[in-house]
Amino acid sequence: MSEITLGRYLFERLKQVEVQTIFGLPGDFNLSLLDKIYEVPGMRWAGNANELNAAYAADGYARLKGMACVITTFGVGELSALNGIAGSYAEHVGVLHVVGVPSISSQAKQLLLHHTLGNGDFTVFHRMSSNISETTAMITDINSAPSEIDRCIRTTYISQRPVYLGLPANLVDLKVPASLLETPIDLSLKPNDPEAENEVLETVLELIKDAKNPVILADACCSRHNVKAETKKLIDITQFPAFVTPMGKGSIDEQHPRFGGVYVGTLSSPEVKEAVESADLVLSVGALLSDFNTGSFSYSYKTKNIVEFHSDYIKVRNATFPGVQMKFVLQKLLTKVKDAAKGYKPVPVPHAPRDNKPVADSTPLKQEWVWTQVGKFLQEGDVVLTETGTSAFGINQTHFPNDTYGISQVLWGSIGFTGGATLGAAFAAEEIDPKKRVILFIGDGSLQLTVQEISTMIRWGLKPYLFVLNNDGYTIERLIHGETAQYNCIQSWKHLDLLPTFGAKDYEAVRVATTGEWNKLTTDKKFQENSKIRLIEVMLPVMDAPSNLVKQAQLTASINAKQE
């Protein structure tokens with residue numbers, strides 16, 4: 001095999017970086033490209049219900065595998081995916097967006113083709129994507145095409161941001177040297193500037209040496225930029241109390257003896273709030289300081305000794321070191337921190353009270369009770385997706401087993417995201433370990449936006465748990481504004497009929513409305529095995545919500561009403 005098509009080259013390269021499932025929809029400008037997927041052993045085409053869901057699915061897949069690929073067609077297809085791509089950009093998720101575009105000659109002649117705006121401008125959609133992409137490429141020359149593909153894959157992986165790659169329909173069948181595949185794409189980070197890195201290390205070590213009450217706070221980019229292992233070692237060596245943000249949930253093993261809980265500013269438990277805000281040194285790993293991640297910007301550190309570790313810069317107090325990457329800094333810090341922290345005397349960490357109060361089996365389910373019980377159902381290695389709304393807030397009250405991976409979209413907050421993301425996560429989990437469970441918590445309102453992807457799960461024999469929280473509409477919106485407004489209402493669905501409607505043969509669909517029904521179901525040994533796709537309708541009161549969401553809604557309503 002001395003030569004291969006450019007299309008096959010793309011998929012061979014993706015397989016080399018462990019991307020085995022491709023998401024998207026066929027369209028006439030990408031059909032020849034899609035043919036090449038089936039030429040690569042071990043590669044599969046998911047085939048989504050729509051492009052938005054495909055982008056969501058790619059996001060969910062990438063959070064577990066490091067990167068993903070979604071393929072759409074020019075214009076109508078790519079624009080449908082952009083909300084999902086924007087979410088991946090905001091949340092630091094590496095998704096390669098490949099767009100099949102018209103041939104180079106059609107573009108040069110400015111033909112009035114379908115899927116265009118009718119003005120001869122073939123660059124407009126590419127330009128739209130450039131604002132939500134780390135980099136973009138429009139292939140125009142077969143000779144440079146392989147190196148451009150390699151650059152796009154590397155950038156997607158390293159930056160953990162979306163990258164746009166346009167492939168003209170007339171180029172995908174042209175041949176390139178197969179020998180190019182023998183040189184792997186370099187996915188390593190470039191070394192830090194030694195002088196800047198040493199200055200950071202020396203300053204941080206001095207701060208650690210002087211600290212009497214330090215804490216470690218892990219946020220979203222701790223997971224996204226692959227420093228979970230370094231952060232765990234930092235906790236092990238120093239014994240500093242460790243906390244996570246809502247977006248960082250799952251970044252630290254919550255069974256670790258030095259884990260103290262979830263910090264969300266004023267929405268934190270009193271014990272966690274006091275522990276974090278009274279610290280004399282905060283080591284913040286991968287922070288994304290958005291409103292819902294910080295209790296509407298209510299962080300209130302008493303110290304100015306704050307070290308922020310980011311993927312592409314470090315901030316120590318008021319000094320910023322651009323280009324200094326946290327991966328290398330943390331690795332070198334681990335070799336020296338033991339001596340710097342030797343004077344630290346460990347203090348007790350907060351422990352959330354476990355809700356073990358007996359309740360009658362006939363007690364109707366309520367959010368506060370459910371989220372304290374979810375942790376009892378979870379197992380090590382689970383992937384837990386929580387939808388924007390009550391689920392994303394309620395999960396902060398759940399104690400995770402070790403090695404639990406949490407997926408939510410706290411910053412971008414696109415309603416329905418987890419419907420598609422669950423599909424992607426289920427594909428990824430199957431590739432990593434077929435026994436790994438994927439568990440979704442989604443509201444009845446959010447489900448209506450992306451429900452079609454359940455059919456794709458069934459088609460591929462995937463076996464997620466789909467917990468549908470039925471509170472009869474958009475509770476999070478009602479809490480912010482319009483409690484009785486018609487626009488926060490939805491049509492009630494027969495949720496238990498969804499799986500057979502989409503063609504499922506081996507499935508379980510069940511409704512739980514009381515604590516007794518919940519306990520009986522979640523403790524059942526057969527139910528705990530991911531042997532089939534399951535949909536569980538959880539009946540909840542209309543205005544019932546986790547206490548932290550009620551407080552957040554009040555803060556959000558207040559901010560929305562401000563005049564200046």
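Cβ from N, Cα, C; glycine included.
Taking Cβ-Cβ distances under 8 Å and a sequence separation of 6 or more, the neighbours of HIS115 (pyruvate binding site) in its chain are GLY27, PHE29, THR73, PHE74, GLY75, VAL76, GLY77. Residues or ranges marked as pyruvate binding site in Swiss-Prot (evidence: similarity to another entry): ASP28, HIS115, GLU477.
Around THR475 (thiamine diphosphate binding site), the C-beta neighbours below 8 angstroms that are at least 6 residues distant in the chain are GLY389, THR390, GLY443, GLY445, VAL542, MET543, ASP544, ALA545. Annotation comment: Swiss-Prot describes THR390, GLY413, SER414, ILE415, GLY445, SER446, ASN471, ASP472, GLY473, TYR474, THR475, ILE476 as thiamine diphosphate binding site, evidence class similarity to another entry.
For ASP444, ASN471, GLY473, the entry in Swiss-Prot reads Mg(2+) binding site, with the evidence type similarity to another entry. In sequence order, THR390, GLY443, ASP444, LEU540, PRO541, VAL542, MET543, ASP544 are the residues near ASN471 (thiamine diphosphate binding site), counting only same-chain partners six or more apart with C-beta under 8 A.
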Binding-site residues considered: ASP28, ASP444, GLU477; fewest surrounding Cβ atoms within 10 Å belongs to ASP28
Given a 10 Å Cβ-Cβ cut-off, pick out the one of the binding-site residues THR390, SER414 that has the most other Cβ atoms nearby.
THR390
According to DSSP, HIS115 (pyruvate binding site) sits in coil
Cα separation, SER414 (thiamine diphosphate binding site) to GLU477 (pyruvate binding site) (Å, whole number)
13
